[in-house]
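Single-structure report; data block below.
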Amino acid sequence: MIRELCRGFGRYRRYLGRLRQNLRETQKFFRDIKCSHNHTCPSSPTSGGGAERGPAGDVAETGLQAGQLSCISFPPKEEKYLQQIVDCLPCILILGQDCNVKCQLLNLLLGVQVLPTTKLGSEESCKLRRLRFTYGTQTRVSLALPGQYELVHTLVAHQGNWETIPEEDLEVQENNEDAAHVLAELEVTMHHALLQEVDVVVAPCQGLRPTVDVLGDLVNDFLPVITYALHKDELSERDEQELQEIRKYFSFPVFFFKVPKLGSEITDSSTRRTESERSLLYRQLIDLGYLSSSHWNCGTPGQDTKAQSVLVEQSEKLRHLSTFSHQVLQTRLVDAAKALNLVHCHCLDIFINQAFDMQRDLQITPKRLEYTRKKENELYESLMNIANRKQEEMKDMIVETLNTMKEELLDDAANMEFKDVIVPENGEPVGTREIKCCIRQIQELIISRLNQAVANKLISSVDYLRESFVGTLERCLQSLEKSQDVSVHITSNYLKQILNAAYHVEVTFHSGSSVTRMLWEQIKQIIQRITWVSPPAITLEWKRKVAQEAIESLSASKLAKSICSQFRTRLNSSHEAFAASLRQLEAGHSGRLEKTEDLWLKVRKDHAPRLARLSLESRSLQDVLLHRKPKLGQELGRGQYGVVYLCDNWGGHFPCALKSVVPPDEKHWNDLALEFHYMRSLPKHERLVDLHGSVIDYNYGGGSSIAVLLIMERLHRDLYTGLKAGLTLETRLQIALDVVEGIRFLHSQGLVHRDIKLKNVLLDKQNRAKITDLGFCKPEAMMSGSIVGTPIHMAPELFTGKYDNSVDVYAFGILFWYICSGSVKLPEAFERCASKDHLWNNVRRGARPERLPVFDEECWQLMEACWDGDPLKRPLLGIVQPMLQGIMDRLCKSNSEQPNRGLDDST
C-alpha cells in the first residue's frame, strides 16, 4: 500500500511540476504580449499636447489604438485559480471519531507504531494538538507555529530515546496560558518513503479547535486528501455535526475507514457484508450526502473515475486509499489543465481571427482607396457633363416654362393675397413702401415657380447618379474613416458637397446669388417704369401688369448660364478638396497598414506558434492524466515527419492509430502545435479522420528526445493501397466525391490542406474516404508562403509563396487523374523527371498528366479545369461536387446497363 501511495503522490508532483512550468511560461507569454502592445501603441491623446491632427494623423494614431492585441490577456480569475493550484502541495489529513482512532490510522499508514493508541481519560478531556509528519533524514520532534517558526520548548521526547511519541508532547497542557503554545503543531520529521512524497497531518481534538477551521487553514497551502477514521458501528450526533459542517463549507470527498479494534485479527473476506446487509454507518453517510445509494460504495472505485467519497469497512482494503488519493489528485490536475487549455485555445482563436482581419485589411484597404478615387472621378466628370450639357436644355426649358406658365403665373399674381400689406377695398392708392413690398412678393412668386422647375430638372440627374453608384462609394469612405473621430470625417463631407451642389443651387438661387441680384435690378427698373408721381392703386390689372413686366424682362440664356456656372464652381471646389483629403487619408492608412503588416507577421511567426505549443502541452497533460500513456503496437508505416503505430485501446477508442512525431527543431514544434490546434478545433466530420488526443512522451527513445504522440482513428487502408488492390469505378468516383466533401469542409472552416494526395486519403472497410494528415493544414491568414506539399500534387503558384485554397483544387485534379486511371502509376510527364527540382521546373512550365485512353471526356475536362495554371480559372469545389455526382450517375448507371466505353473498372 505504501508503495502505491508513494507512486501516486510522486506522479502527482511530477505532473504538477509540468503544469507549474506551463503556467509560468503562459504568464510570461501574456507579459510579453502586454509589453509588445504597450510598445506598439501610441501614447494616449490626453498625455500629449494639442498638436494639429488631420485624417492621416488620426488613422496612424488610432489604427492600432483599438489594440488588436489588447484583448489578449490572462483572465485574472483563471490566473488566480491556477496559481493557487500549482502553489498547493498535497497532504493526507486524518480526521476521526476520536483521537485514539486517528492515531491508529496514522500508525497503519506509516506501518510503524509512532503514536500511542491507548489513552487514559475520556474524549471530552482530550487535548491532542495538531500533528504534522514530514520527511527528514533523522527522526526529530519539535513544536512550531504552522507555516511560521519553531518554538523553543523542551519536550519529553528530547529527554531520551523513544519509539512512540510521549503522550505529554502530543497534548496541550491545561495550565498553559501561552496562546502560541496552544496553537502550535507538533512537527515530526521521519525518514520514511511515504513522507518523502507527501506530508501527513493529524487534526487536533475537536474540543481544542473545530475541524472546519483546521481544514480552512490547510486549503490555502495544501490539497488535502481527507481520511476519516471510524471505530464505532455508527456515527454519534457530534460526528454527524462535524461532517455536516465539512460538507457545508468544502467540496472535498472523504475516505471513511473503519479501523480494526486493537488486538483483533484482520477481517476475513468471507465475513464481508453483502449489499443487502448495508451497515448503519453506510446508511448514515448516505443521509449526510457523502455516499450514493445507487451503488454499493465499498472502497473499490474505478481508477479513472472522478473522486467520490468512499466507505471502507474491511481493514484489508486500506490499500484502496491509493486509488482514492489518485482520484482526488487527478481530478485537481485535470480541472487545472482543462482551465489552462481553455485560456490557451480562446486566445489562439482570437489570434487566428485577428490574423484573418489583418490580412483582409491589408488586402482590401488599398483596393478601397483606389475604388474611392476612381468612383469619385467618375462622379465628378458625370456632374460636370450635366452642368455643361444642361445649359442649353435649361435655357430652352426656361423659355418653354415661361410660355406654358405665363397665363397661369399672371392669374396667380392677379389673385395672390399680399402678406403684411393692407390693401384698401375701395381701390384707394397706397404708399411707396407698400407698393415695393407688393412688387417684391409678385417677383418672389414668379422666381420660386421658375426655380422649382429648373432645380427639379438638375436634381433628377444627380439623383440618378446617387442611385447608380454613390451608395457604394459612401460605404467605402465610411469603412476607410471608421477608425477616425466622427468630427474629422472630412473626405465624406466633401463627397456630400459634390452630391449636394445641385441642391445648393436651389437654396442660394433666391437668397443672395448673383442671379437673384440681377433679377432684383430688373424688378427695380419695372418699379421705376410703372411708378407715377402719385402711388397707384393695387388692383387686379395692376398686379397682372407688374407680373407681365417681370416675366418679359427675364433673360433665359443668362439665367441658365448663371445656374450652370454656379453649379460648376461648387463642383470644382468640392472635387479638389475631396482629392486633397483622400490623399491625406491614404497617407494615414499607409502608415497604419505598415504597422498592421508587422503585427500580422508577429502573430503568424511568433505569438500564435508560441501559444499553440503551450496549448499542446496543457492538452496533452490533460489527456495523459485521463487516459494514461498509450501503448505502441506494431508499426503501420513511416512518413517524412513520424512513424505510425497500431494502438489497440486508448481513451475508450479502439482500435487507434498512433502517430509518433519527434520535432527536430523549434519551427517543427510550432508547426505541429498549430496543426494540433486546428485539428482539435475542427468539428467532427465524417470525411475527416478523427483526432482522439495527444500525449507528450518526455522519455521517448530512452529519454534522448521528446515525442508527441497523436492518437487518431484507425482506418482500413489508404487510397494508394486501395488503387493497387483494385477498386470498381463506382467506388473510385464515390471516393472522389468524399474527398471533395472533406476539402470543402476544411475550406468552410478557413483552412487549406496543402497536401492532398493518395497517401493522405484513408479508406474504411466500406471504401468510404476520409482525409488525414493535416500537417501542412493552415488557415489562409496564417500561411507564410512556405513551399510545402508533395511535388506531384503541388500547384505552380506554391513556388511563388503567394497562394490560396485553390491549391487544394489543383491537388484534387491530380488525385482525380489517379482515381480515373485506376492505378498508382506515375503520369509520363512526371515519371521522366530525375529529381524534385526537375519536376518542379516542369510543373511551373506547364507540365501536366497526359490523357489516358480510358478517360471519359467530362472527367478529362474536369481534371484540366482543376489543374489550370491560373488559380482564378480553377472551378470552385461547390461546382466540382455536383459535376462529379453527375458523372457518377451517368457512368455508373450506363455501366450497370452496358459495358462502359469511357472508364474501365480496375478490378
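Placed from the backbone N, Cα and C atoms, the Cβ positions cover glycine too.
The coiled coil annotation in Swiss-Prot covers 373-409 and is backed by sequence analysis. Annotation comment: Swiss-Prot describes 630-884 as domain 'Protein kinase'. Per Swiss-Prot, the feature ATP binding site maps to LEU636, GLY637, ARG638, GLY639, GLN640, TYR641, GLY642, VAL643, VAL644, LYS659. What Swiss-Prot lists as active site, proton acceptor is ASP755.
Shown here: features listed in Swiss-Prot, placed on the structure.
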{"residue": "LEU636", "record": "ATP binding site", "contacts (Cβ under 8 Å, 6+ apart)": "VAL644, TYR645, LEU646, ALA657"}
{"residue": "ARG638", "record": "ATP binding site", "contacts (Cβ under 8 Å, 6+ apart)": "VAL644"}
{"residue": "GLN640", "record": "ATP binding site", "contacts (Cβ under 8 Å, 6+ apart)": "none"}
{"residue": "GLY642", "record": "ATP binding site", "contacts (Cβ under 8 Å, 6+ apart)": "LYS659, SER660, VAL661, VAL662"}
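Same-chain neighbours of the ATP site beyond LEU636, GLY637, ARG638, GLY639, GLN640, TYR641, GLY642, VAL643, VAL644, LYS659, judged by a C-beta within 8 angstroms of the site's C-beta center, are, in sequence order, SER660, VAL661. DSSP gives GLY642 (ATP binding site) a strand state.
In the shown protein chains, 20 other C-beta atoms lie within 10 A of the C-beta of VAL644 (ATP binding site). ASP755 (active site, proton acceptor) counts 21 other C-beta atoms within 10 Å of its own C-beta, drawing on all protein chains shown. ASP755 (active site, proton acceptor) carries neither a helix nor a strand DSSP state and counts as coil.
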